[in-house]
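Pulled from Swiss-Prot, these are the features on record:
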type     : residues                                       : note
BINDING  : Glu43, Glu68, Asn95, Asp117                    : S-adenosyl-L-methionine binding site
ACT_SITE : Asp117                                         : active site
BINDING  : Lys121, Asp153, Thr190, Glu191, Tyr192, Glu193 : substrate binding site
Amino acid sequence: MRVRNISNAKELLKEYKEYVAAPQLFKEQWHTYFENQNPIHIEIGMGKGQFIRTLAKLNPNINYIGLEKVEELVLKSVRSIEAEEICNISLINWNAVKLEEILGEGEIERIYLNFSDPWPKARHDKRRLTHHGFLDIYQKLLKDHGEIHLKTDSKALFEFSLEQFTQKNFTLVEVIEDLHGSTDKEIAKTEYEEKFIAEGKPIYKCIARIE
């Protein structure tokens, strides 16, 4: 994804109440931030944020956290959130490798991983967001019976992820190898997803649950 550089993006972000500049201050306290006890779902690598904004509007009784390491993408999304007046979402400019610095054990009910970088070279497998190193972190952060929802256009990443989930004793609740070819029940789609659908590319999806 090509992103136009905005030199003062970090300063501009601070103007928006939906942006959390110091998320580590809310570790184990996110219900205090949202001022309610609603479930918390997080999307890791939200890109421009279309997917998580759609979910937030559809599910006002769920709190959403959008995490993205590229400042310019966070800025684009937070502007849309303000324009659409969405109240149950916060955005973080953060790297997934530091998740445990901002989230407490059992604080999250669902994690979304949408079209994450597949890191195709074998020597980079530890960077994949479904590598067992990341799964160890997710298992700490998720509540009992918490879920990971994965969507990808990469068959290799999908197969790798299924293997990793199985090795870490997740239950595979749903495994679909052509999501939009079999059914188009997915209401919330990412920008990438819409592009791939238009090109006729299959989308792979799975839901993995902690039992």
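In case you wondered, yes, glycine gets a Cβ from its N, Cα and C as well.
Among the residues the record lists as binding S-adenosyl-L-methionine, namely Glu43, Glu68, Asn95, Asp117, the two farthest apart have Cα atoms separated by 14 Å. Those residues noted as binding substrate (Lys121, Asp153, Thr190, Glu191, Tyr192, Glu193) have their most widely separated CA atoms at a distance of 25 Å. The S-adenosyl-L-methionine site is defined by Glu43, Glu68, Asn95, Asp117, and by the 8 Å test on Cβ atoms against their centroid, the other residues of the chain that qualify are Ile44, Gly45, Met46, Gly47, Leu67, Lys69, Val70, Ala96, Ser116, Leu129. Tyr192 (substrate binding site) and Glu68 (S-adenosyl-L-methionine binding site) are 15 Å apart (CA-CA, integer value).
The secondary structure of Thr190 (substrate binding site), as reduced to three states from DSSP, is coil rather than helix or strand. A separation of roughly 15 Å, to the nearest angstrom, links the Cα atoms of Glu191 (substrate binding site) and Asp117 (S-adenosyl-L-methionine binding site). By the criterion of other Cβ atoms within 10 Å of the residue's own Cβ, the least surrounded of the binding-site residues Glu43, Asp153, Glu191 is Glu191. In this view, the densest Cβ surroundings among the binding-site residues Glu68, Asp117, Glu193 belong to Glu68, judged by other Cβ atoms lying within 10 Å.
When Cα-Cα distances from Thr190 (substrate binding site) are compared across the binding-site residues Glu43, Asn95, Asp117, the shortest belongs to Glu43. Most Cβ neighbours within 10 Å, among the binding-site residues Asn95, Thr190: Thr190 holds that distinction in the structure as shown. Across the structure, Asp153 (substrate binding site) and Asn95 (S-adenosyl-L-methionine binding site) are spaced 22 Å apart at their Cα atoms.
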